[in-house]
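J.: Let me begin by handing over the structure; questions about it come next.
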Amino acid sequence: MSTATKDPKTRGKAPAGEKIADWADGRVGLYSLAKANMRKIFPDHWSFLLGEICLYSFIILILTGVYLTMFFVPSMAEVEYHGSYVPMQGVMMTEAYASTLDISFDVRGGLLVRQIHHWAALIFVVGIMFHMMRVFFTGSFRKPREINWLFGWTLFILAVFTGLTGYSLPDDLLSGTGIRFMEGAILSMPVVGTYIQMFLFGGEFPGHDIIPRFFVIHVLLLPGIMLGLVAAHLILIIYHKHTHFAGPGRTNDNVVGMPFLPIYMAKAGGFFFLVFGVIAAIAATATINPVWVLGPYRPDQVSTNAQPDWYLGFSEGLVRMMPGWEWVIPGGYTLNFGLMIPLAVFPGVLVLIGLYPFFESWLTRDNREHHIAQRPRNAPTRTGLGVAWLVAYGVALVAGGNDVWAVNFNLSINAITWVCRIGFFVFPVVAFVITRRICLGLQRRDREKVLHGRETGVIKRLPHGEFVEVHEPLPREALYTLTAHDQDRPAELGPETDENGVRRKVSPLERLRVKISRGYFGEQAQIPKPTSEEYREITSGHGHH
Amino acid sequence: MKKLSVRRRHPLAALVVLLLALAATGGLYATLAPADEAQAEASAQSLAIEEGKKLYDVGCSSCHGSGGQGSSDGPSLTGVGAAAVDFQVGTGRMPLQQPGPQAEEKPVVYTQAEIDQLAAYVASLGPGPSVPNESAYDPSAGDAARGGELFRTNCSQCHNFTGQGGALTHGKEAPALDNVDPRYIYEAMVTGPASMPSFPNSTLPEEEKQDIIAWLHAVNTADSPSPGGLGLGGFGPVSEGLFAWTFGMGALIAVAVWIGARTAKARKS
Ligand code: HEM
């Protein structure tokens, strides 16, 4: 059977691929859709790939999650363990926990997939935070992208709650302690707490409903909503086009980069496999959530070092920092401030983050569209606020792990808690001041460079003996890049009286706006960028070196 | 019978009786030998107590008082038992060097023979738990699964799920239990050092102690299996989160920078 069969292709016939494409085009208008989007341009900058890290880890989560769903049993019925992990033999546990042990030890590839799923979850949320920071610090949330900021922000919150419901599923002692914590948090809500608790758990803690309910929320409800939001997020990106950093030929009205197809797509595909590879390599070498040694959840047991996954460490830290104040008000109701206040701060901070773009557009009254990503130094107050927030967040994270630091660095847990309590208020202020100064310093340096050129390190001796360093003028492209941004002016209150000499009424809100605006864009908050007159005057050779 | 009664008054009769008596005593001596060994041991014991007291007077009395009655610098040792001394001195906690939140583990300064002597002396001050037999703490004879449950009920709130250690207030800590000799695990349970509660046999029977030791042996020694790969210290989400932020995101950003730099126009001809 080795006779080679020549297949005589008739020249006129189109290849199969083209025929399918034709068929599809005739029915769903694929061609025009593809034509419109295939040549979308994506700029090259590594920080624009952070969002892709999120997208790819989300895809990895779905793929591995589907595999886990095939073997996981979301039930709280008690069984005796007889699987292959010896140190749990004969222990009574829920089917959820038993099936997680089975996935880990008796399902082919189960442990690796579990570890990929969990590492991808951690990295997913880290990626989201980095991505948000990129958008925040470059001002890419400004008009027209406020809605997309909100989409991303919602995705962030949903990711955190998907993670919470996910790591609770195995019903091990650690995650059960987390659910217990959550129950306590719900109960601390005045008036509605007990009702919500009873509704969510279907009775007293722990009941038999919480794992099956979390399962549905985790594998169906939240990922479903997130998938829709991710799609909407991407569609808006395509619709708005990507922002890019200013440069010669890179203006507010264009995007310079690579076309979506084929170059960008090829790069993105490669990047997907690299992300998958990195996560798989981590999952293959480093343990995550070794539920087999944690034991099944029992309400009468607890362990030290019980923390939530890192993305909820912020709330854990707030609770650990907060003194355990409580009041018993007449009628015998207890107000537990130790939980209530931190758990009000948590959503409060989230809301502030979500609303920030609207705050800034209210502040600047700027109605123009912005497609140029700002350099963080050119928005010193915003950058300072962002860094201050990150520092507060970091302090809360440290406080959330206070016992782990205490043991590993031989410190007193009380000392750590007090440093965090004070630091939570003091460090962000310090960070704000320092960051703003650094930004202003960088702005000043940019101004110097534009007006006087780059320091070459070459020292010249002038005829009268003075030593000067030779400055080399910047190339035109660099000059453009350094001066392309526009600077906001601080808002003015306007004249006190109108044209008839009558005192003008200015609302307190407007007064506040002017005040904040001065703080953001006033003299102490930005260095005026060089004007072309200044540049021309200096470079026209008035004895400047 | 007659013969015997006739010779009763024979001049040698007394000698025969004496011989018989001696033989009987010899037999008795032979059968009752353990009693005598006990006597010998008792004297060895009193020797050990004596030696122990000498060591004690030099090394311990400044804090624990000349008769173990305690002082402002150290608690009374009456009734703490030999197990407490074997644990405290054998793990290098005693003699204490400097006051701190909790006795530090330093290199052991006494030989095991000296520790036994110290233990004998302190045990003589009042009844207390004695040093356990090896069979009582042999990990291979315990049931690790049951031990795990007992550990999570009684110990993990201070020592962590698998005994990786945990913080207590004001710089005190429940230490990590890896590489702790099973004997000291047992003794820690019966004596309850520092802020650790003691678990006498009435609350935690001997077999259950052995089960706990078997659990720790299964999950927290250098050669316990780690099916998931690197253990990251066993501290759970804090170390995992740190790892994700540093190595995980670090690697991904490195990849992103690399891909970002690999643009079509980067090829300079
Ligand atoms: C969207 C983001 C997602 C996040 C952040 C996330 C996070 C997690 C986490 C942290 C766990 C605990 C894993 C462990 O250590 O055992 C988990 C478990 C689980 N996840 Fe997800 N997940 C996501 C999506 C999904 C999806 C889409 C599915 C199913 C289609 C899924 C199915 C499961 C199942 C069945 C488990 C329990 C199995 C086990 O714990 O071994 N997940 N998830």
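Backbone N, Cα and C atoms are what each Cβ position is placed from, and that goes for glycine too.
Okay, these came from TrEMBL:
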type	residues	note
DOMAIN	A:20-246	domain 'Cytochrome b/b6 N-terminal region profile'
TRANSMEM	A:48-73	transmembrane segment
TRANSMEM	A:116-137	transmembrane segment
TRANSMEM	A:149-169	transmembrane segment
TRANSMEM	A:214-239	transmembrane segment
TRANSMEM	A:268-289	transmembrane segment
TRANSMEM	A:335-359	transmembrane segment
TRANSMEM	A:379-399	transmembrane segment
TRANSMEM	A:411-435	transmembrane segment
REGION	A:485-504	region 'Disordered'
REGION	A:523-545	region 'Disordered'
J.: Quickly jot the same-chain residues contacting the transmembrane segment (A:268-289) by Cβ under 8 Å, restricted to those at least six beyond its ends, or write none.
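T.: For the transmembrane segment (A:268-289), the far contacts come to 49, 52-53, 56-57, 59-60, 112, 114-116, 118-120, 122-123, 167, 170, 172, 174.
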J.: Considering only Cβ pairs under 8 Å, which range in A:48-73, A:116-137, A:149-169, A:335-359, A:379-399 makes the most contacts with the transmembrane segment (A:214-239)?
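T.: When the Cβ pairs under 8 Å are tallied, A:149-169 comes out ahead.
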J.: By DSSP, what is the split of the region 'Disordered' (A:485-504) into helix, strand and coil residues?
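T.: DSSP composition of the region 'Disordered' (A:485-504): 0 helix, 2 strand, 18 coil.
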J.: Any residues 6+ beyond the ends of the transmembrane segment (A:335-359) with a Cβ under 8 Å from its own?
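T.: That would be 132, 136, 141-142, 145-146, 149-150, 153, 157, 184-185, 188-190, 314-315, 318-319, 321-329, 389.
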J.: Sequence-remote contacts (6 or more beyond its ends) of the region 'Disordered' (A:485-504), Cβ cut-off under 8 Å?
T.: 246, 363-366, 372, 374-375, 378, 510-511, 513-514, 517-518, 520-522, 526, 528-529
